[in-house]
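Taking it in order: structure first as structure tokens, then the write-up.
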Amino acid sequence: MGGKHVAVLLGGFSSERPVSLSSGNACALALEGEGYKVTRVDVGRDVAAVLDELRPDVAFNALHGPFGEDGTIQGILEYLAIPYTHSGVLASALAMDKAQAKKVAAAAGIPVAGERVMNRFDFTSEHPLQPPYVVKPVREGSSFGVVIVKEDQSHPPQILTSSEWPFGNQVMVERYIHGRELTCGVLDGEALGVTEVVPLGHNFYDYDAKYAAGGSKHVIPAGISPKIYQKIQTLAVMAHQAIGCRGVSRSDFRYDDRFSEDGEVIWLEVNTQPGMTPTSLVPEMAAHAGRSFGDLVSWMVEDASCLR
């Protein structure tokens, strides 16, 4: 497997730069351990010129957030004819737009929460939905900008119309789903397993719960019935296929089992660029399934292509 020259794309200039640096450096170290020649490329606005001069055999995309997972870098790599990992242009752009991704998922028969897309400046003193509900930037990851509006809040939060809001004007408002945080990775069209994410000291799986030390506990395999476990794996594969993902993806779910074991399973979103440190969710699932981190990233390099 080794011998190829791999450019690991990391860093970038989105709000998820710190996450990308962690993912990229972890992947670079693992690939070096597998015998690949690795060049770390901290992505800037001149990335096309840098890659055109470097001409690697493969670009390992360890970017997160806008530019890295919205089809932009994928389009640059297609233009340069450099094979790359993860999903292609269309799937990346579609998955990054939460509202459009939900429409595609719903059309494929995947259960989603009711929602509406609106301009944040259209928020008035009246709630757009009956609380509780969740407000999400349409095109952000890592739970940046997510606001939960609770039952006892009489007005929408003021931050949404503040000049300090950095996440764009389009937001998605969806009903709040009570329940447990479950997530399922998909590799090469097959489910890797289901993990329950238990936030520690947080109301939901926000940025700090995801990335701060001790912010959450990962339970794998999730302590749910075999029926629900299989259902979530099936839905994750369906989402992977419906969106058109390639390589690896991760779908997030809410499972409300307060009233019955069957409960309600709701698909939240698919992540085409999931975190890639050894302790991130997808590598943990792969390890539980018997695939080492080095083997996982090597597989991704060998799977790389253009026209994904």
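Cβ atoms here come from the backbone N, Cα and C positions, even for glycine.
The feature ATP binding site is assigned by Swiss-Prot to 128-183. As annotated by Swiss-Prot, Mg(2+) 1 binding site applies to D252, E269. Among the features that Swiss-Prot reports, Mg(2+) 2 binding site is placed at E269, N271. Sequence annotations record features per position, and here Swiss-Prot assigns domain 'ATP-grasp' to 102-302.
Positions of the features from Swiss-Prot, shown on the structure.
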residue: P128; record: ATP binding site; DSSP class: coil
residue: V135; record: ATP binding site; DSSP class: strand
residue: V149; record: ATP binding site; DSSP class: strand
residue: P156; record: ATP binding site; DSSP class: coil
residue: S163; record: ATP binding site; DSSP class: coil
residue: Q170; record: ATP binding site; DSSP class: strand
residue: I177; record: ATP binding site; DSSP class: coil
residue: D252; record: Mg(2+) 1 binding site; DSSP class: strand
residue: E269; record: Mg(2+) 1 binding site; DSSP class: strand
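Its own atom aside, the Cβ of N271 (Mg(2+) 2 binding site) has 23 Cβ atoms within 10 angstroms in the protein chains shown.
Here the Cα atom of D252 (Mg(2+) 1 binding site) is found 30 Å from that of S163 (ATP binding site). Rounded to a whole number, the C-alpha distance linking I177 (ATP binding site) with E269 (Mg(2+) 1 binding site) is 13 angstrom.
Taking the Cα atom of each, P128 (ATP binding site) and E269 (Mg(2+) 1 binding site) are about 21 angstrom apart. Using a 10 Å radius centred on the Cβ of V135 (ATP binding site) and all shown protein chains, the other Cβ atoms total 22. Comparing local CB density within 10 A for the binding-site residues V149, I177, the maximum falls on V149. V135 (ATP binding site) and E269 (Mg(2+) 1 binding site) are 14 Å apart (CA-CA, integer value).
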